Amino acid sequence: MSFIKNNMAMSSMSGSMMSSSGMMVRSSHITRYHRCNGVGQYRCRGNNNIMVAASTWSRMMAHVASTSTSTSTSASTSTSASTSPTPTPATQSATSRSESSASFMSGAAIRQAFLDFYASHPELNHTLLPSSSLVPEDPTVLLTIAGMLQFKPIFLGQISAQETINTTRATTSQKCVRTNDIENVGVTARHHTFFEMLGNFSFGDYFKEQACFMAWQLSTEVYNIPPSRIHVSVFETDDEAYAIWTEKVGVDKRHVHRLGADDNFWAAGPTGPCGPCTELYYDFAPENGYDAIDLANDDDRFLEFYNLVFMEMNRAADGSTTPLERKCIDTGMGLERMAQVLQGVDNNYETDLLFPIIETMVQLMPSSSGDDMRAVYTTLDETTQRYLKVIADHTRASINLLSDGVLPSNVGRGYVLRRLIRRTVRCCRLIGVDASKAVEAAAETAFSLTGAAPGLEIPDPKKVQKELGKEVARFLETLDRGETLLMDVIAKAKADGADKISGNDAFVLYDTFGFPVDITSEVAAEHGLTVDMAGFEEEMEAQKSRSRKAVSAVDVTAAGAFGAVLESNGSTDFVGYEEVEAAGATVVGVFEVAEEDQEAMKANLKGSKKEKKQKVAKEEKEDSKQKAATGPPTKFKVVLDRTPFYAESGGQVGDRGLLMINNARWRVLDCQKAASGQLHVHDVTFDGLLGEPSVEKPTPPPASAQLEVGMVVDAAAVDATARRRITAHHSATHLLQSALKSVLGDELKQAGSYCDASRLRFDFSGPSVDGPLTPEQLAEVEALVNSWTTGSALPRTAREMPIKEASEMGATMAFGEKYGDVVRVVDFGQGVSVELCGGCHVENTAQIGLFRIVAETGIAAGVRRIEAVVGESAYEYLSTRDNTFSQVCGMLAAQPDEVVSRVGSMQKDSVSLNKELAALKEKMAELEASRILSESVTEAGNGAYVAASMDGTPAAALQTAAKFLLESVEAKLGGGDDDEPKPVCILLSSVLAAEEKLAFACAANDAAVKDRGLNAGKLVGAVAKVAGGGGGGKPNLAQAGGRDITKAGEALEKAREELAAAFDDQ
């Protein structure tokens, strides 16, 4: 196998030679980079500018061989052994290599060697497939979290491997992201959010024995791992796998271990494909012998690096298993883990896949000196090293998510990305570097480390860097805002007399505002407070529990029931582009809908008014009391071999309508895709017998109207009116995107869309989208669309073509979206709008009619949303607005052209009156304060205090009254021996009955603070707490609120007690 020799030669020899640039280059620092045209070049690890041609490499190796005879002999032996297509047994191959450790290989070489091993060998003959996007097509999974995810429909039997990927053997290097244990990143030696999973797959082709042999040959002859370093686990009852390893491959029995189902049995879920697995472990300490070996728990000694899953059974609902007709192989080798093994480092972060990013960060640290950043790194404390590891890991994850079209937001994938970027910024601050510059530098280094395998490329680094920089800038602003919020939390804690910030407050700052708890702790310490970390960890654990439930495994059982329908009948033939009614279709699948799923379908009742829904809900609630939960089903999912019903996708909702089968009508509430989009599934409910009125609520069909597979559909009729309005909105969405690009620039990208019979919405982002569109921009966009829909009738064409041809003609493609080799291109006006789209559209733009924008809002950082209506919906919208405006004119007794000026005058009058009212309230408060001055001042301890109520006084006026009283009492008392004011403190309360709340205000002069130890913030906070409230402020002036007005008297009594104690003559 010459391909093994090509990849191993450079990593199994030592020595050095002059490069073409005149620099001394060590052979262990050279990595081969394969190009698509088959021409290889070699690059110096750590210096991408040193390129070595293949011919030069041969001369270098000849030079190295003359100084490293023993190593060359070892490599030659390996090559000789690998010429046989059958892998060499372990007992024989062990004699030709050193048993001490594996040979060094770069991360790029490890990846290429794996892919070459399976794809280039003529007898292994795997098809090399690209990595799929981190944004999976599978709706049950948020992100691509496993190498097998793109093959899930094949493993389920929903689609044929031969028909979809034209092979029964495949190999990939799949990029993955997992964040359910993000807190372990940088803490353990090998936890990551982003990682590459190398895999080889068999879809009903080779099975257990061949998979084991190939895994062993790859490990021992390509990666040169000594057999003495490898231990193998098998499922406890899998005697076949045990025999393969010990008797056929020849692994020492002391190295093969039986483990239980928790470690060595894989299942898709409660039901579905399942089977045992076998795993290969690297032994870091073989000198420890064979006593008390624990593969599953001894992470310090053993590292699992290769997992082989044998999908050989199908588990039924009762727990019984039956052999699968087509047995499959699913394997995974973590690239980062294998790099740790072959590069002889302590953890994955010190491999050449990640450490260059760490070196970049170390170089930016103010304390760094010298040229050897690895040496500097080893002198750093453990905490700083952890921060550097987090930066390296999260940077890789962030640039790949951005490249695959994910944008930062507060939901879903966007939230995952935002959290990764913000953790990166936080760690940059903690190591003392400028976050903006550091993140940019880390990303540039990460770009240079991206894999050369298909699907791993970052096609537009500049775009990724731009989006990354925008999010970093936003978070730096968040940090500034968070510090302000934190100061409020600190003031509240002090006002309440607490010595720590609650765990809940710290978590809200962290989770809602993105403010790191480390910074919260540091700032709190500066103010003499601590953070309730136990409470914070409880909140964090609750969040992690929710995260694990949301993303814990690949659920390959979802919609598995449709796989059999697809296999037996093929995909649904959609005829809805040409017609909205079809006859002669055949029912190929019928499924009852579980009771708990029926509420969602009920919400789709055509034209359901709020009152009707409430009536139906009430009636069904009464019915449920009278019948068992296992009553006859009323909702079904029906699959036809051909249908005019469009299944929801691409932002267009599914069609509704009717099915006529035998003597019954079935109302279609929705149509969705299943089996990887190949089936159209109709959600139906019984509507009544032909010739009879429609039923008013979901009703089980009578015996004469049961649905059965094989029935012929007399008519499948889409609601033509709804379809017409849907297509108008969908086509308008295309025109809207073109208009936005014309106004805002071609860099604008779609971030989502939705269109139904009543409205459309379009989400977008781009370099010029940093805030709301101006009224002028919106008007220009609206006018441009209307020029196409009302001023002309641009024809629509739709045709299928190769994706390359579509790209060359400038068709709009969604950023990060995956497309097949053949795509459908929808073109309006021969170039006005050209997009890839599988949806339904009008024949020409005149059928759209009037276009009206009704809203423009922000839905996430850097993402805007436009909502609009067209045609009949636009007419209905404008009619409603016109009626409302007419009512306003009547109320103002004004003509339409007078309304704006009239409202403007009223606003000015309102502002003026509000100011006068506020001034009057403050005057009244001062008058009330004068009464208090004559009746409620208590002189004590060479000073005076007031604790009184001023019910009905607003909070602002109450504070003004407190300051007025403070000055008045100071003047009344006069100065002391040194003419300085005597201690004075005022605390006022107000019951605001209409608002059902209390207001408190406290003012204290400097003498009261200094001589009597009073603090207005703490005092008013303690008083408000009696009434179920809180608050705080400065030592001299503060305010608070209370929720329980019945406690007003108790709160005021508390104030008198506190003040009396403070002013007691000392």
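Each Cβ is built from the backbone N, Cα and C atoms, and glycine gets one as well.
Since this is a predicted model, take the numbers as computed values, not measurements.
Of the listed segments 399-426, 511-538, 903-930, TrEMBL assigns coiled coil to 903-930. Highlighted in sequence order, Q652, T727, S731, T733, V826, E835, G839, C840 have their Cβ within 8 Å of the centre of the Cβ atoms of H730, H734, C837, H841, the residues recorded for Zn(2+), and are not part of that set. The average per-residue pLDDT of the prediction over the domain 'Alanyl-transfer RNA synthetases family profile' (105-880) is 86, rounded to a whole number.
Of the binding-site residues H730, H734, C837, H841, H730 has the largest number of other Cβ atoms within 10 Å of its own Cβ.
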